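Working notes for the structure below.
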């Protein structure tokens, strides 16, 4: 029988045998002792077992309006894209719940194409959807993919990322979401099929066809290239939702040409082109994607096309302040942990938005701009106990002037004089 104490009379954990001096806590029960380390280990084991037993249920998928409302909390603007995504996602998981058949009518899968400029929110929309639905989510970069037989990443490695996101629970992964970014970069270089092989373009599209439509794929557990005598993970992609996003730079002239507008013109025609410039992507059709360089079979696997508009100054200011995880709120929280209040003046927010537009980075570039502005302040403040408030002004952003620092006695300093 296990002894509860050693020769020196110290109490021991009944499970691991460590003495009370070797652990932080020893909990006593009827005729038994357990240490904090064993409690933590047991908790992890139970949680893992419970997670395995949980079946992936999608009976409570939010309605499209509810999905849209949650997206509004994290993503500013892009109303048309949100509506299209909400409907497509709801129908996708409704299709899964119906076991793909209703009265012998087979419901086809509706993968999604997201078209919009860099930093307009494509990746964030896909990530937020996965969070809403509580499903595994993986991001892949189309530019790293090549067709089988060439140096590069096999398309099956996309599926491995999803399996890893599901903690290697294949059944759970089979109902996840995969976002393939930069899909426009695998467009073939010409509308006409090339005689020579296009390793980075059409070949990748061909390789993606099967997994987009639905197939049982063999995935190497460790990633990399397949080789003989290797064990594979079998995963059915029929119920995986694929969202393919890209900026599709250069598609606007194709759309305008189809709409009968001249790409280069004078007078009223030029004025019309300028008026419609912001909304030209809202007119995109599958035939435009074909002319851009996607093959017909690939376009057919993406029946839902949602476009995102370029973000203007007002939208970028809203992105800085309104979402639940807005950047301004994040930086305010960071300084709050050092007992300092952070304030962004309205003029500063407008200048930050202008810089992002100038750099053509959209919302993606906002964080790097603020990080640059806050570097000196965040370096100095943790060592200062007399600072109560930090104010970023328009001059701070536009002319690299130091932020205002307010001392606890009300004195206003700048970073140059506060050292």
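If you go along the chain as it appears here, the first residue is 1 and each next one adds 1.
Just so it is clear, glycine is given a Cβ too, placed from its N, Cα and C backbone atoms.
As recorded in Swiss-Prot:
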type: DOMAIN; residues: 1-54; note: domain 'ClpX-type ZB'
type: BINDING; residues: 13, 16, 35, 38; note: Zn(2+) binding site
type: BINDING; residues: 117, 118, 119, 120, 121, 122, 123, 124; note: ATP binding site
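In sequence order, 14, 15, 17, 18, 23, 26, 33, 34, 36, 37, 39 are the same-chain residues whose CB sits within 8 A of the CB centroid of 13, 16, 35, 38, the residues recorded for Zn(2+) being left out. Distance between Cα atoms for residue 16 (Zn(2+) binding site) and residue 121 (ATP binding site): 51 Å, as a whole number. If you take the C-beta of residue 120 (ATP binding site) and look for same-chain residues 6 or more apart in sequence within under 8 angstroms, you find 78, 308, 309, 310, 311, 362, 363. Model confidence over the domain 'ClpX-type ZB' (1-54) is summarised by a mean pLDDT of 77. Counting every protein chain shown, the number of other Cβ atoms lying within 10 Å of the Cβ of residue 35 (Zn(2+) binding site) is 24. If you take the Cα of residue 117 (ATP binding site) and the Cα of residue 13 (Zn(2+) binding site), they are about 60 angstrom apart, rounded to a whole number. All protein chains shown were included, and the count of other CB atoms within 10 Å of the CB of residue 121 (ATP binding site) stands at 29. For the binding-site residues 13, 16, 38, 124, the ranking by surrounding Cβ atoms (within 10 Å, all protein chains) places 13 first.
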